[in-house]
Amino acid sequence: MKLRELLATVDSVENLPPVLADAEVKGIKTNSHACGAGDLFIGMPGTRVDGGEFWPSAIASGAIAAIVSPQAVEKNPPHDEAVVISSNNMTKACAAIAAAFYGYPGQKLKLVGVTGTNGKTTTTHLIEFFLTKAKLSTALMGTLYTRWPGFEQTATHTTPFAVELQQQLAQAVNAGCEFGVMEVSSHALAQGRVLGCPFEVGVFSNLTQDHLDYHSDMEDYFAAKALLFSPEYLKGRAIINADDTYGQRLIKALSPEKVWSYSVNDSSADLWMSDLSYEPNGVTGTIHTPEGNVSFRSPLVGQYNLENLLAAVGAVLHLGLNLQLIANAIPEFPGVPGRMERVQINPDQDISVIVDYAHTPDSLENLLKAARPFIPGRMICVFGCGGDRDRTKRPKMGKIVAELADLAFVTSDNPRTEDPDRILDDILAGIPDTVQPTVIGDRAIAIRTAILQAQPGDGVLLAGKGHEDYQILGTEKIHFDDREHARAALTEREKL
């Protein structure tokens, strides 16, 4: 594709030399070290470093031109031979150029975007599952992986950056996908990563405290999430949780004809449930929808999973799926790795062990409340908090575990570059003196100790890391999987 054709999509680019107007762009790179002959380098400003400052490395590697911010040009002025193009809006420039280069793949798929603090991963998996059951080829992009039939790749971000995102969408189109289901993070919306993606369905699950190390406050966090439902992104219907305060605000802000609300108990919502019966292996009841009512049996436990189920049902109903087909598929849903995932080494195991990704105050509370009815003995919670992240949620999480669990093991999560002991102290600040938690900084030892100390009938909840198979210590990522450590401890326990 010619450079002038790409830049025609961007109104904030200046100073394109005429000699380069017909230059052929072979690829787009945002990493200067990855550039090769014929590539276009887009240097994105970051929170710590402006990637545009590395344009000399990109040009030296063969890039035909570099698009960078005015600040990067000022800090590292180009010499005569280097073609450096300045853009006042790098976010929009990158997204627009990437979408154009890959042939606007988002327009060739029916896209579903799911945003919210909690529930994105389960909801997107449910939507993908229902579409697949209807024999509709679907691409899934989210926290765990990007996948479609015949392809799977571990994810590095909940929502890929613009160039990678457009490339993956194009690959999905080429693979024959008709639908794309995407977790859309607040970071992605604030940074414009999904510009150029017209969503047929936008889902809002909830908003609770998280990412306040990035967003200035909850209103800023909400404003980022709400972008998904602006005309720039949403072309079809919004599916919004009416049980959430921020969801109620969104419902009021949008045109009623564009919204389907959902609620587990409120019959005034467009989608709701009745006749709920909670059983050891899931929930049964009736789902009420604008397309009719249907009985269902779900293997998922917890009210929050009923909310996720309603959101997914609403999304695929709007996409044209048959309600009875959806209901027939629900009992077959296999679940999501690291989300209320049971760890079992034999069917006669005398304790239950559950691994879950809960890493916010709200999700941790939901996990503990959902697990309680299925644990006849004591509920033991092993948890920590991530380093270099919002410190204010740590004492809140400590308080929640102190109130809802019978025994608390406070340990490390991903401390990153922060002092692990300071993280533990922040958590302990929320635990009242009347509760005596066990504090073990080494997560592997904490898991082993909790499982070995458990008595028959107890349940051990390993919260915070879920599907993750790594731990970040300093700047190093080491292999660590809660499920592996749990199995090892369960095996040791059987030999006692």
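Glycine residues also receive a Cβ, built from the backbone N, Cα and C atoms like all the rest.
Remember, it's a predicted structure, so these values are computed and weren't measured experimentally.
Thr117 (ATP binding site) is surrounded by 22 other CB atoms, counting those within 10 A of its CB over all protein chains shown. Positions annotated as ATP binding site by Swiss-Prot: Gly116, Thr117, Asn118, Gly119, Lys120, Thr121, Thr122.
Look at Swiss-Prot and you will find Arg389, Asp413, Asn414, Pro415, Arg416, Gly464, Glu468 tagged as meso-2,6-diaminopimelate binding site. For Glu468 (meso-2,6-diaminopimelate binding site), the same-chain residues 6+ apart in sequence whose C-beta sits under 8 angstroms from its C-beta are Gly338, Tyr357, Asn414, Phe480, Asp481, Asp482.
According to its DSSP assignment, Lys225 (N6-carboxylysine) is helical. Residue density at Lys225 (N6-carboxylysine): 24 other Cβ atoms are found within 10 A of its Cβ, drawing on all protein chains shown. Residues or ranges marked as N6-carboxylysine in Swiss-Prot: Lys225.
Taken from Swiss-Prot, the feature motif 'Meso-diaminopimelate recognition motif' covers 413-416. Secondary structure counts, DSSP: the motif 'Meso-diaminopimelate recognition motif' (413-416) has 0 helix, 1 strand, 3 coil.
Between the CA atoms of Gly116 (ATP binding site) and Gly464 (meso-2,6-diaminopimelate binding site) there is a gap of 17 Å, rounded to the nearest whole number.
Taking the centre of the Cβ atoms of Gly116, Thr117, Asn118, Gly119, Lys120, Thr121, Thr122 as the ATP site, the nearby residues of that chain (Cβ within 8 Å, site residues left out) are Val114, Thr123, Glu183, Ser205, Asn206, Asn308, Ser363.
For the pair formed by Thr117 (ATP binding site) and Pro415 (meso-2,6-diaminopimelate binding site), distance between Cα atoms is given as 21 Å, rounded to the nearest Å.
When Cβ neighbours within 10 Å are tallied across all protein chains shown, the highest count among the binding-site residues Lys120, Arg389, Arg416 belongs to Lys120. A separation of roughly 12 Å, to the nearest angstrom, links the Cα atoms of Lys225 (N6-carboxylysine) and Asn118 (ATP binding site). Using CA atoms as reference points, the binding-site residues Arg389, Asp413, Arg416, Gly464 were checked against Asn118 (ATP binding site), and the closest is Gly464.
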